[in-house]
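Engineer: Handing you a structure now.
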Amino acid sequence: MGRLTVAAAVAAWAIPLAALVASIVPDPYMDEIFHVPQVQCYCRGDFLIWDPMITTPPGLYYISLAYVASLFPGAWVTRIAEAFDALCTTALLRSTNAKNGKRKATAFAILVALYPIHWFFTFLYYTDVASLAAVLAMYLFCLKKQFWVSAAFGAFSILLRQTNVIWMIFFAANGAIAHAQYLYVKDNVCYENSELTDKSNKEASHMDNKTTAPGFTEEIWDAIFKLWNSKCEVLIAFIPFAMVLLVFVAFIVWNGGIVLGAKEAHVVSPHFAQFLYFGLVSAAALLPWHFTPTRASDLFHWCRKNKTYSSFAILVALGLSLVAVHLFSIAHPYLLADNRHYTFYIWRKVIQVHWMMKYSLTPVYVYSWFSIVNILGKSQTRLWVLSFVLSVALALIPAPLVEFRYYTIPLVILVLHSPVISNVKLLALGFLYAAVDFFTLAMFLFRPFQWQHEPGTQRFIW
């Protein structure tokens, strides 16, 4: 029932709005000017043609080919390349992204579908929506311990966007630890059942003492011990992820880097401020979880309970944040020159409005990250939280361009591991997302403008 609810809710707005976008903006726009002609080459059967300006692998194009073929199977049966090519229109390709129990799962699924950046690119031919779907499928099958299927989705997610290899490693690493813990518990249960009752009780008591509220160091050693104890089983179970990783490393060596095309505009850079931006944007996007009096009070009491540690952590975080915004805050030429993106205005009107502003925001960055870590720590192990933070850093810091699209996958992971909030707060956030959604779509469709130095219609976009 929950799946039907989500499908009906998404279809109710996705189909008519996709038609509206296609009627007002029928031609490829922004990055679509690279993606659409490329997949149309594939539709003609020209699989050896590649636009050197495209930075991501062709995973989305394969999805589109399968999608068009499923809608018009006769095009494959008759093998008429011209007919199949005619079907690969901009509107139909865009609709690739608009395809379609539990109350929390249903509500969160609709919330993720309404998340403004994800929602907006549902109507354009970008890799983001398919990339998120592949990553979530990889995570789902990893949780179900169907590791070969999970690795297959991991490989496909990398075909959509190279940085998804980081999330594959994140899921695989935590999946390996969870699998090792499962095997350890199963083995000990079998062992205890074969022993005398008194010995069994002693062993159980020993295990309880060992696993009760471990510190971070103990947690790490516990994970290492259990992984080593089940090393053969874990290696066999997770070998498909290793195979995908090996192929990816070979690709990097062959390609001379992680980016496919336009390498000069996507040079790996130490953009540590990007890590801070993600914390603030994510906490703000999940407002009821992070920016409420109750949340601030909870963090204050948590800091008081761990006064020495929290004071030291806050001082270090503030110091590192100041260094990051002072030395590693990159203003990419696209960010400074392209007034079609909302980040252009945020950069000029907020971060650069005064020379002190970027420093004044550091306490908000630190608060946001402390809130994120604290909330994740309530449902996940410290090792899981640390690996998530490191994965966010690896995915975002090398990117010189500030793009909110890059934040979507880690933000959705945050949503999936956030505690349940009241229906009123959830509904209010849903309405806020919907308001932003329709505002940005209205700006895109109905507020076009012209550039004097370049012909054509320009539109506002995330």
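Yeah, the Cβs are placed from backbone N, Cα and C, and that goes for glycine too.
Predicted, not measured: the structure shown is a model, and the values here were computed from it.
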Engineer: Name the residue range among 256-273, 274-291 that TrEMBL annotates as transmembrane segment.
Structural biologist: 274-291
Engineer: By Cβ distance under 8 Å, which residues at least 6 away from the ends of the transmembrane segment (132-160) in the same chain are close to it?
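Structural biologist: Same-chain residues near the transmembrane segment (132-160) but 6 or more away: 56-60, 62, 118, 167-168, 171-172, 175, 179, 237-238, 240-241, 243-244, 247-248, 408-409, 412-413.
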Engineer: Six or more residues out from either end of the transmembrane segment (234-254), which same-chain residues have a Cβ under 8 Å from its Cβ atoms?
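Structural biologist: Cβ under 8 Å, 6 or more out: 145, 147-148, 150-152, 154-155, 158, 162, 165, 168-169, 172, 175-176, 179-180, 183, 227.
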Engineer: Considering only Cβ pairs under 8 Å, which range in 105-126, 274-291, 355-376, 383-406 makes the most contacts with the transmembrane segment (426-446)?
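Structural biologist: The stretch with the most close Cβ contacts to the transmembrane segment (426-446) is 105-126.
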Engineer: So which of 105-126, 274-291, 383-406 is most in touch with the transmembrane segment (355-376), counting Cβ pairs under 8 Å?
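Structural biologist: The stretch I would name here is 274-291.
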